[in-house]
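Below is one structure; the comments refer to it alone.
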Amino acid sequence: MPLQARVRGGVWSRNSRWDDETIMIGGSISRWTMTYFAAALTWLLAALALMVAGIGHPAADLAAPDTLVLVHVVCIGWLSIAMCGALFQFVPVLVAQPLFCERWALPALALVTAGLVSLLAGFMALGARLPSAPWLLPLGAVLLVVGFGLIVVDLGLTAWQRPSGPARFVLVGLASLCATAAFGAVFAFALAGWAGRIGDAVLARGIPLHAIAGLGGWLTLTAMGVSYRLLSMFMLAPDVEDRKSRITLAAGALAVATTVGGGAAAVGFELGLNMVLSIAAVFGLVCAALYGRDLAGIFRARKRRQLELNMRMAMLSFASLAATGLLGIALVATRTLSAHLGAFAFLAAFGWLSGLVLAKLYKIVAFLTWLETYGPVMGRAPTPRVQDLVAESRATKWFAIYYVSVWMGTLALLAAQPGAFRMAAAAMTVGVVGIIHEIIRIRRLEDVALPLRLPAGAVAPHLLFAKT
C-alpha cells in the first residue's frame, strides 16, 4: 500500500533527514505485519499461562521437556514472530527499497506456526504428556527451517540492497537466526535418534551455543538495529554516527562468531567451551556498553523533549538490559551462574527483549494504523494526530505492572521461590492483557474523537491485517 503522509513533529525521509515542521513517511505498509503481531501476542499469553500454571522452570529443570516447551514458546512463538513482523515493515524503510517478495510473508508465518506446534508436541511427547512420537521433532525442525528460511531470504535480499546503518544489524541478526536454526535442527534430529554420533555430541554440548546465537545474536542484535531507527524516528533525533554503530555491531558480531565458530570447533575437537564462552561474553559486554553509549547520544540529540509512553517504557527495557549484564557479571564472579541461569535468561527475555517489543508494538501499531487510515485523506479532510489514537495515561499502569512484575519474578527466581514466581507471572499476565487491550483499542480507533474518527474517504482498518 504506497503511502506518503505527514504528521507534526519532524521530517523523516528515506535519507533520514529531519526538520521541525513535519515528518514524512514514504513507503508502503506491510499487509501482514499486524497478523504477525497478533500471532506473537497469542503465544506470549500462552507462555504466561504456562508460567502461572507452574509448567517449566523453576518447577522443572532447565533441560526438562516442560522447560523446553516454555522456552520455545517464548523465543519462537512470541519474540521471533513479533520481530519478523516488525522487520517486514521496517527493513524496506531502512534500505529505501520494496520488500523482495511480500507474498512470502503469510506462508512463512504458517510454516513457522506449524513447525512450532510440531516441535512443542515433540517436547511434550518426550515428557510423557503425549504418546511417544519421535518424528514430531524432526518434522517441526524442517517446517521451522523452511519458514524461517523464507523470512531470511526475503528480508536478507531486501536489506542487502543497501547494507548500511541499522540494516547491517539486521543482516547479522539474520545470519545468527540461521545458526540458531541449524543447531536446533541438529538437536531435534538427535533427540529423535536420527542424527548419529555427531548429532549426539552436538546435542550434549551445543545447547549454550544455540541459546546465545538465538537470544544474543538473532533477537538482541536485530532489536538493537531496529531500535536505532525507531528511536531516531520517534524522538526526532539524527541517526547514530555510522562509525559508532559499526563498532557496536562489530563487538556484537564477534561475540556471536566466537560463540558459533569457536564453539562448534570446540565441540568438534572435543575441547572445553569455557574459554570460548568467556571470550564471547567479553565481546557481548563491550557491545552492550557501546549500545548504551549510542542510546545516550540519541537521547541527548533528540528534538522531541517530551518523551512519549513508548519511549519511557523503552528506557525501562534498556535499564533491564544493563541489569542483565550486571547480573551476569555478579553470577560469574560468585560462580553461581549455573544455579541462577534461569533468572538471568528470564530477565533478558522478559525485562530487556519482551519489554522493548511491547513498548514498540504500542507505538508501531498506532503509527501504522494512522498511516493506513488517515494517510490517504491527508490534505483533503481534518485528521487526528498519531497521539490521538492512544490513551497513554490509561496504558501507563499496564506497562508499570508488567515491568515491576518482571523484576519481582527475577528476584523470586534468584531466591528460589517458585510460588512467588508464579504470582509474579500472574501479575505479568494482567499487565500484558491490559497492553493488548490498549493495542486493540488503537486498531479500532476507539480513542479517536468521533468528529475525526473516520473523515470522508477514510476506511476503518482491519484488526488483523492491512487492507489494500
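Every residue, even glycine, has its Cβ placed from backbone N, Cα and C.
Just so you know, TrEMBL annotations are computer predictions that nobody has curated.
Per TrEMBL, the feature transmembrane segment maps to 34-56 (among others). Away from its own ends, the transmembrane segment (34-56) comes close to residues 64, 66-67, 69-71, 73-74, 76-79, 81-82, 84-86, 88, 105-106, 109, 113, 116, 354, 361, 365, 368, 418, 421-422, 425-426, 428-429, 432-433, 436, 439, 443, 462-466 of its chain (Cβ-Cβ under 8 Å, at least six residues beyond either end).
Annotated transmembrane segment per TrEMBL: 68-96 (among others), in sequence order.
Remote same-chain residues near the transmembrane segment (108-129) are listed as 32, 35-36, 39, 43, 64-66, 68-69, 72-73, 76-77, 80-81, 84, 136-137, 139-148, 150-151, 154, 188, 191-192 (criterion: CB distance under 8 Å, separation of at least six residues from the stretch ends). Per TrEMBL, transmembrane segment is recorded for 108-129 (among others).
Here TrEMBL flags 135-157 (among others) as transmembrane segment.
Marked as transmembrane segment by TrEMBL: 169-195 (among others). Residues 80, 87, 91, 94, 119, 122, 126, 134-135, 137-138, 140-142, 144-145, 148-149, 152, 155-156, 159-160, 163, 202-203, 206-207, 209-210, 213-214, 216-219, 221-222, 224-226, 228, 245, 249, 252-253, 256, 260 of the same chain lie 6+ residues outside the transmembrane segment (169-195) yet bring a C-beta within less than 8 angstroms of a C-beta in it.
Through the fold, the transmembrane segment (207-226) approaches residues 63, 75, 79-80, 83, 86-87, 90, 166-170, 172-177, 179-180, 183-184, 187, 248-249, 252-253, 255-256, 259-260, 263-264, 267, 273, 277, 280, 284, 291, 345, 348-349, 352-353, 356-357, 360 of its own chain, all at least 6 residues removed from its boundaries and within a Cβ separation under 8 Å. If you look up TrEMBL, you'll see 207-226 (among others) marked as transmembrane segment.
TrEMBL lists 247-269 (among others) with the feature transmembrane segment. Here the transmembrane segment (247-269) has long-range neighbours at 168-169, 172, 175-176, 179, 201-202, 205-206, 208-209, 212-213, 216-217, 220-221, 224-225, 276-277, 279-281, 283-284, 286-287, 290-291, 293-294, meaning same-chain residues at least 6 beyond its ends whose C-beta is under 8 angstroms from one of its own.
Marked as transmembrane segment by TrEMBL: 275-292 (among others).
Look at TrEMBL and you will find 313-333 (among others) tagged as transmembrane segment. Using a Cβ-Cβ cut-off under 8 Å and counting only residues 6 or more beyond its ends in the same chain, the transmembrane segment (313-333) has close neighbours at 227, 231, 281, 285, 288, 291-292, 295, 307, 340, 343-344, 347-348, 351-353, 355-356, 358-360, 362, 399, 403, 406-407, 410.
Positions annotated as transmembrane segment by TrEMBL: 339-359 (among others). Residues of the same chain lying 6 or more positions beyond the ends of the transmembrane segment (339-359) and with a Cβ under 8 Å from any Cβ of it are 44, 57-58, 62, 74-75, 78-79, 82-83, 86, 211, 215, 219-220, 223, 227, 309-311, 313-314, 316-318, 320-321, 323-324, 327-328, 331, 399, 402-403, 406-407, 409-410, 413-414, 428, 432, 435.
For the transmembrane segment (399-417), the residues of the chain that approach it from at least six positions outside its boundaries are 58, 309, 313, 316, 320, 327, 340, 342-343, 346-347, 350-351, 354-355, 358-359, 423-425, 427-428, 430-432, 434-435, judged by C-beta separation under 8 angstroms. TrEMBL lists 399-417 (among others) with the feature transmembrane segment.
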